[in-house]
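Pulled from TrEMBL, these are the features on record:
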type	residues	note
ACT_SITE	18	active site, proton acceptor
BINDING	159, 262	substrate binding site
DOMAIN	196-326	domain 'Glycosyl transferase family 28 C-terminal'
């Protein structure tokens with residue numbers, strides 16, 4: 001049995017995205033017969049219990065106020081020193097070649113999942129599924145010659161629910177009857193309220209609105225009040241059917257990150273607001289490809305601008321239809337998780 005460890009973290013500051021995509025990959029590897037375990041730090045907002053609820057063992061690393069690669073590597077060595085490890089998969093922005101070299105004696109192979117194409121790594125396999133990652137030359141100075149790379153959107157790690165919903169996705173005609181508003185679980189910059197106030201000003205009584213937030217969302221009370229005041233709006237807290245909501249919508253308003261790909265995968269045009277600095281390159285690339293309407297960084301986007309953009313999109317269905325078609329054509333493969341997991345287990 002192939003024995004795999006995954007080193008990744010979640011926290012209020014880091015978010016949940018790294019752990020969630022690693023869980024998607026872990027489930028696929030487990031179905032193929034591999035044993036998968038996690039190594040994760042008990043930061044504030046960690047997902048250690050959630051990982052265990054998904055059926056995986058977790059070796060916790062004690063909390064440290066700042067990330068120290070040497071200490072983190074030593075703590076990881078202590079976990080791996082008495083175990084035969086075939087693959088160590090790393091999904092962590094703070095880890096680079098220095099950490100990986102310290103871990104080399106404790107694992108047969110190392111895989112890195114990354115987003116930025118700017119860090120040197122000592123690994124055998126690297127995954128970057130972002131659309132801008134297909135510029136292969138950018139990795140020549142960052143990786144050893146033997147490293148195999150999986151680059152571009154064919155290798156995106158999406159949960160099975162998105163694969164199932166894509167089968168039922170139809171080509172949108174550009175008309176808008178249903179809008180999805182979703183800015184992640186916490187929405188610390190308050191984009192949900194801005195968007196709902198813009199929609200309220202437009203007074204689009206013929207359009208249904210699905211609003212998705214997490215249980216710890218900022219402005220949760222105000223969002224509930226806004227939804228209660230508008231009969232055509234439905235509030236979903238901690239939704240477990242986000243893929244279905246995306247498939248049913250005609251337009252989304254949301255942030256960057258992995259959710260941008262989820263929406264594109266289901267052909268959903270999106271009015272997108274940047275809510276974190278690390279989203280800019282991705283959103284600029286998606287804008288260039290014509291699959292999103294990018295408003296810019298959150299602190300430069302107010303309710304009036306959202307209102308104007310929404311009104312403009314509603315009046316030009318041909319543009320939304322073209323965006324939807326381009327979204328669907330962005331993916332040549334319909335199952336990136338299968339491609340990635342098979343590559344790992346083939347060695």
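For all residues, glycine too, the Cβ spot is worked out from N, Cα and C.
Just so it is clear, the model here is predicted, and its values are computed rather than measured.
What TrEMBL annotates, mapped onto the structure for a quick look.
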residue	record	Cβ contacts under 8 Å, 6 or more apart
18	active site, proton acceptor	8, 9, 10, 91, 92, 113
159	substrate binding site	24, 243
262	substrate binding site	158, 162, 242, 243, 246
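Predicted-model confidence for the domain 'Glycosyl transferase family 28 C-terminal' (196-326) is 93, expressed as mean pLDDT.
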